[in-house]
Amino acid sequence: NSSDLSPSSFILASIPGLEAAHFWIAIPLCSVYIMAVVGNCAVLLIVKMEPSLHVPMYFFLCMLAAIDLALSTSTVPRVLSFYWFNTREISFGACLVQMFLIHTLSAIESTILLAMAVDRYVAICHPLRHAAILTNAVTVKIGLAAVVRGVLFFLPLPLLLLPLPFCSSRVLSHSFCLHQDVMNLACANTTPSVVYGLTAILLVMGLDALLICLSYLLILKAVLRLASWKERLKVFSTCVAHICVVLAFYVPLIGLSVVHRFGKDLAPLVHITMGNIYILVPAVLNPIIYGVRTKQIQRRILNLM
């Protein structure tokens, strides 16, 4: 009786030795979450209000804002409930749904970042054809394709976990559900789930990262052909915001993957901190980065204030 074919719930990870401080730890976490919600809602509102921002680059930014809102909202309120009301248990079904949302939304965000890199490539290397290539209709189709791609690649993850028996230990290493974290609690052969999860990540996030690097190599090649350094800096500065957003997404993603793969002996605090960074850092930084780099957004924010 050491395993259960369909466990009723999992136990979310607490911070060892700091259980009494959970209430106070949740306050800065809640503050960051509010910043993420307000910032991304502001981006959506400003792009809608500002006609000059009705171009593919900022439509993609709106998609990023919507994804970040969905990703943080699917996890942080549940974490805050745990810290404030000590509701450590999460049902098996809710855990699988949360896991699916986290991985699918991350895949969609990765695809949108690739689309934004292609937008920058076309705008710099083929400026006269930019409006004809990236129309509003094409932008919408890219957004729909990103959603379909994310769902198709990551829907099998919870389905592969459904038939597995789980051990009596049901304690996760994060305050929310991730595929590898849940999979490690299974008492059966998880090779198919491991292979598929790795394949999906490589074919989505890995391929997107590779294509983003390729697009920037082509952009750099085109920029270096310009006559003066002033022109080069002016053209390349249009990519700075996107590069920062890409780093804000992929650095926590890689860090969390490294912790899962090589950090089994690390303190639980490291796992929990990396998980929270992965969920919240892109959601908070994306609107700040584009707010700083875009004069129209700055002007609208000042007007709203």
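Using N, Cα and C of the backbone, Cβ positions are placed for all residues, glycine too.
Copied over from TrEMBL, here are the features:
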TRANSMEM  20-46  transmembrane segment
DOMAIN    39-290  domain 'G-protein coupled receptors family 1 profile'
TRANSMEM  58-84  transmembrane segment
TRANSMEM  90-118  transmembrane segment
TRANSMEM  130-155  transmembrane segment
TRANSMEM  194-219  transmembrane segment
TRANSMEM  240-263  transmembrane segment
TRANSMEM  269-292  transmembrane segment
Other parts of the chain folded back onto the transmembrane segment (90-118), taken as Cβ under 8 Å at six or more residues beyond its ends: 6-10, 12, 57, 60-61, 63-64, 67-68, 70-71, 74-75, 78, 142-143, 145-147, 149-151, 153-155, 157-158, 161-162, 176-179, 182, 200, 204-205, 208-209, 211-212, 215-216, 242, 245-246, 249, 253, 279, 282
Listed stretch, out of 20-46, 130-155, 240-263, 269-292, that has the most CB pairs under 8 angstroms to the transmembrane segment (58-84): 20-46
Positions whose Cβ lies under 8 angstroms from the transmembrane segment (240-263), at least six residues beyond its ends: 64, 106, 109-110, 113, 116-117, 120, 178, 180-181, 201, 205, 209, 212, 216, 270-271, 274-275, 277-278, 281-282, 285-286, 289-290, 292-294
Contact set, same chain, for the transmembrane segment (269-292): CB under 8 Å, 6 or more residues outside the stretch: 13, 15-16, 18, 29, 32-33, 35-36, 39-40, 42-43, 61, 64-65, 68-69, 71-72, 75-76, 79, 102, 109, 173-176, 178, 241, 244-245, 248-249, 252-253, 255-256, 259, 263, 298, 301
